[in-house]
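Visitor: Structure in structure tokens, see below.
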Amino acid sequence: MEKLFKHRYTKPTILILYVLSISTFALFPRDLFFGDEVRYADVYLHLKEGDFIALTLNGEPYPDKPPLFFIFIYFLQLITRIPAPQIFFIATSITGAMFIAGSYYFLKIITKNEDKAFYSNILIVSNLYFIALVNFVKMDLIFSFFILLSFTFFYLYYEKDKISFLYLAFIMAGIALFVKGLLGLIFPIVSFIVFCILKKRYRSFLNIHFILGLIVALIPTAIWIFALIKINGFNYVYNSLFYQQTVRRAIDAFHSKKPFYFYLYVLPLIWLPISIVILLKIKDLKRFLSEFKWKDNDGQLYNLVVFITSFLILSLVSSKFPNYLLPIFPSFALSIYQLLINSSKDRKLWFATSIIFIIISSVIGYLTFNRNNFPFIENVNYSWVVSLVGILIAIFLIKYSGKSTNKILSIYSVLIIIFANSLNITFVLPSSPFFSPKIIGEQLKYYSEKGYKPISFDTYSGTYSFYANRSVFETRDKSKIEEFVRNGEKVVIAMSEKNWNRWENKPDSLRLVKRQFMMNKYYVVLTN
């Protein structure tokens with residue numbers, strides 16, 4: 001068994017299997033949530049109809065993202081024939097496995113230590129926020145996978161001085177750029193240049209191959225942009241893609257604008273409970289930094305440069321989300337693991353971790369037994385199982401807190417699999433209708449098939465399109481709805497109950513046909 005564990009493919013295989021085992025909704029698909037999930041689903045439906053270059057959302061151009069992620073789902077569905085929405089969760093699970101494989105490879109290359117790479121990634125797959133990302137349809141996992149490969153190949157280029165690794169690094173950065181945007185290119189290139197400057201290896205980036213590599217990285221996105229210009233015109237591409245989605249998001253975001261220190265408190269929060277180790281071992285951290293020698297450990301320096309440089313870039317960008325931190329999860333996990341492994345006094349950490357699981361279990365237990373007071377969990381019946389598993393984890397951590405770090409991490413990660421799946425199956429799955437526009441979207445579909453015009457009032461674009469299976473007329477102007485009604489047109493309208501109650505001089509012919517709790521407030525469906 002020990003010989004098998006030391007095989008070069010065993011550790012990454014275990015990590016991949018771990019990710020697949022926490023991908024609950026790949027097997028038990030839930031309703032798509034309000035927000036990016038349903039919007040991506042609608043974009044994908046249009047892509048299947050032939051919109052491979054110019055993506056559309058609710059029948060309108062969607063310049064927010066390049067098409068690569070959606071093309072990946074398209075070919076995955078072409079091979080498997082699995083229907084939506086399950087195919088979206090399977091795609092997310094696969095990208096999660098890709099991410100953890102890329103993370104392991106990155107840490108293995110820079111540390112030259114398979115155990116450090118493995119157990120650092122055990123910290124990642126045991127992270128509750130990471131588990132949530134693996135069960136939520138987003139493109140950050142595949143985006144981060146290509147960024148990590150670019151980080152890795154840049155380091156191999158530095159270490160082995162082989163031009164082939166430089167071009168591979170740029171190709172991976174170029175793919176990352178084509179998945180989600182400019183940060184995919186900026187992270188690895190800036191990190192590598194800073195690292196080379198610190199090592200006084202200026203010729204590693206001041207050469208013709210570096211420039212040619214950058215050109216190679218830009219080719220896929222450049223071709224896509226030229227195709228967009230041909231379809232939608234230069235002015236549209238400049239205003240929507242370059243200004244709104246790139247420049248404005250970087251310097252003056254129109255949504256999710258956060259202060260520069262946002263990630264300073266968000267990173268420790270999304271890494272709870274393990275991030276407590278930073279506070280508990282502040283002396284070890286100071287010692288670790290004071291004993292650090294740049295010249296003796298290139299991999300360790302590169303890891304710190306990747307983390308600090310990427311963190312600063314993210315902090316300078318106006319638009320901020322916690323999932324943007326995903327590319328530096330491996331660097332952070334390695335630092336946390338080194339703090340853990342370099343000290344035998346882990347009891348305080350695991351005791352604090354057990355307290356957090358007791359709190360989580362208590363909150364879930366309280367919600368379960370008082371579900372009549374919380375509309376979004378009225379269908380939840382068996383989430384007491386989650387509380388039980390959480391209490392068992394807490395007991396285990398208290399009892400075995402004196403064991404070796406690697407052993408307790410291994411068992412802890414297995415318990416987290418049970419905890420995550422029980423949480424997803426007994427709590428998230430039955431409550432998903434209250435976080436999804438499915439019920440309202442299907443109402444719009446039902447009436448649309450009878451000849452009604454579907455209308456969405458004052459809601460994010462594309463919220464109902466996927467479940468309505470058609471484009472929905474979207475407006476923030478009630479007078480337009482009043483005009484449709486005056487002209488005798490049949491309409492079916494989705495809006496928040498708050499907007500319905502505030503509507504002065506509303507048409508008398510409108511009647512309420514559905515009332516649904518969603519995302520912490522009530523929505524209504526109206527017809528005439």
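For all residues, glycine too, the Cβ spot is worked out from N, Cα and C.
So TrEMBL lists the following for this protein:
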TRANSMEM  12-29  transmembrane segment
DOMAIN    64-224  domain 'Glycosyltransferase RgtA/B/C/D-like'
TRANSMEM  87-106  transmembrane segment
TRANSMEM  164-197  transmembrane segment
TRANSMEM  209-229  transmembrane segment
TRANSMEM  260-280  transmembrane segment
TRANSMEM  301-318  transmembrane segment
TRANSMEM  324-342  transmembrane segment
TRANSMEM  349-369  transmembrane segment
TRANSMEM  381-398  transmembrane segment
TRANSMEM  410-429  transmembrane segment
Visitor: Do at least three C-beta pairs under 8 angstroms join the transmembrane segment (410-429) to the transmembrane segment (164-197), pairs 6 or more apart in sequence?
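Guide: Stretch pair does not touch.
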Visitor: I'm checking region-level scores; what's the whole-number mean pLDDT for the domain 'Glycosyltransferase RgtA/B/C/D-like' (64-224)?
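Guide: On average, pLDDT over the domain 'Glycosyltransferase RgtA/B/C/D-like' (64-224) sits at 95.
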Visitor: Does the transmembrane segment (301-318) reach the transmembrane segment (164-197), going by 3 or more CB pairs under 8 Å (6 or more apart in sequence)?
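Guide: The answer is yes, given that the two segments have at least 3 Cβ pairs within the 8 Å cut-off.
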Visitor: Give me the stretch from 87-106, 164-197, 260-280 with the greatest number of Cβ pairs under 8 Å to the transmembrane segment (12-29).
Guide: 87-106
Visitor: Where else in the chain does the transmembrane segment (164-197) make close Cβ contacts, counting only residues six or more beyond its ends and a cut-off under 8 Å?
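Guide: Result: 65-66, 68-69, 139-140, 142-143, 146-147, 149-158, 204-205, 209-210, 212-214, 216-221, 224, 245-246, 301-302, 305-306, 309-310, 313-314, 317, 324, 327.
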